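According to TrEMBL:
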- 22-45: transmembrane segment (TRANSMEM)
- 66-90: transmembrane segment (TRANSMEM)
- 96-120: transmembrane segment (TRANSMEM)
- 132-152: transmembrane segment (TRANSMEM)
- 158-180: transmembrane segment (TRANSMEM)
- 281-305: transmembrane segment (TRANSMEM)
- 325-347: transmembrane segment (TRANSMEM)
- 354-378: transmembrane segment (TRANSMEM)
- 384-406: transmembrane segment (TRANSMEM)
Amino acid sequence: MFVITQAFAGHLGDLELAAMSIASNVVLGFDFGLMLGMASALETLCGQAFGAKKYYMLGVYLQRSWVVLFLCSIIMLPIFFFATPVLIFLGQPKDVAQLSGVVVLAFIPLHFCFAFQFPLQRFLQSQLKNNVIAWANFVAFIVHVLISWLIVYKFQLGIIGTTFTLNLSWWLVFLVLFCYTTCGGCPLSWNGFTMEAFSGLWDFFKLSASSGVMLCLENWYYKVLIVMTGNLENAKIALDALSICMSINSWELMIPFAFFAGTGVRVANELGAGNGRGAKFATAVAVIQSTMIGLFFWILIIFFHNEFGLIFSTSKPVLEAVHKLSILLAFTVLLNSVQPILSGVAVGSGWQAYVAYINLGCYYLLGVPSGFIMGWGFHYGVMGIWGGMIFGGTAVQTLILAIITIRCDWTKEAEKASMHVRKWDDVGHLTSEN
């Protein structure tokens, strides 16, 4: 739905496309990464609890996550209120920063939706109810396309109208999933609201924070790419071209993200059930399948590098810039077909804190400096920034995670998971008794 919104914004004009790109990919992307990461703690907790048949705890974990993420949403509101001066400070063009600030304020309802929808999705995914999530998103997607067309072309409400449609579509998904969960769709894991949701919050926050940091460092990495590009000469054209490539990447990335979620849940389920070999097998199958899909899209991008930009813009300078960036997009898609699956294994196994350090080192101590050197030191512009960050950061991080996964002792991980489930069950009962 983000891609559809960006496509409609792009047909309003180059300034609108750049503003929507900054608002959705940088500011909202920062928020998205943190909320999604913190909600991913449920993949570990709910997944392992489901595998251990501790069904009641899934509903308790869900409600704790809602409490923690809602409080974090309130704390993060200044990011939305002061987006314009921050973007100007970071070197973005003034007109782009000002319009981006207006768009960001219109996205506040979506910000709060993240806090409720992401935990609910992880809760359902841990019980292998992916079809419910898929149907809810499919319905919302159809509604989103129709309303976006009406808002932009019939009512001509401009870029603010596109933000309204995105807010509406995301809240529609949440309401459908919430009604399914509370109206009998999860009889074993949902027993109504409980005061246990307010117990053990500090321990829950610490696990959520480590999950958040791990995924945020990944998610924000490409936001840094956009911010760095905004400081180049002729930044509007570079930003527009990059936003188109990032939109295509985000669109294709939904497939590896599906594998990320599925692998994390499957690994957590198997480890919670004490089946280390099953977790290892699930990891191998997911990596092979996702890599094959990544190769397919790599070929598509190489062959259609002159055409896909027309979905978003008809500006000749923008399309020429997209053509130059297409080779980097192809390799980004290929690498991203493997990396999210390995991150999913980390989430399912409870390695979030460990992987956070790997992400910090690879992305920000290697990748960002490499991009800076290639972009400004060797004067390759946006291609240098992106290329340096891909091969200096993402490729190294993927290699390290692959080595860790290959050398993992899955029998020991299954034993750790059993201890983990007992620990969190005891924390909830002891705190509620006190």
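Heads up, the Cβ atoms here are built off N, Cα and C, so glycines get one too.
Long-range contacts of the transmembrane segment (158-180) within its own chain (CB-CB distance under 8 A, at least 6 residues past either end) are made by residues 1-2, 5, 8-9, 12, 16, 19-20, 99, 102-103, 106-107, 109-110, 113-114, 116-117, 120-121, 124, 132-133, 136-137, 139-141, 143-144, 147-148, 151-152, 186. Sequence-remote contacts of a segment are chain residues at least 6 beyond its ends whose Cβ falls under 8 Å from one of its Cβ atoms, and for the transmembrane segment (132-152) they are 1, 4-5, 8, 11-12, 121, 124-125, 158, 161-162, 164-166, 168-170, 172-173, 176-177, 180, 185. Taking every listed stretch (66-90, 281-305, 325-347, 354-378) in turn, the largest tally of C-beta pairs under 8 A with the transmembrane segment (22-45) is reached by 66-90. Outside the transmembrane segment (66-90) by six or more residues, the chain places 22-23, 26-27, 30-31, 34-35, 38-39, 96-98, 100-101, 104-105, 107-108, 111-112, 114-116, 118-119, 197-198, 201, 204-205, 208, 227, 230-231 with a CB less than 8 A from a CB of the stretch.
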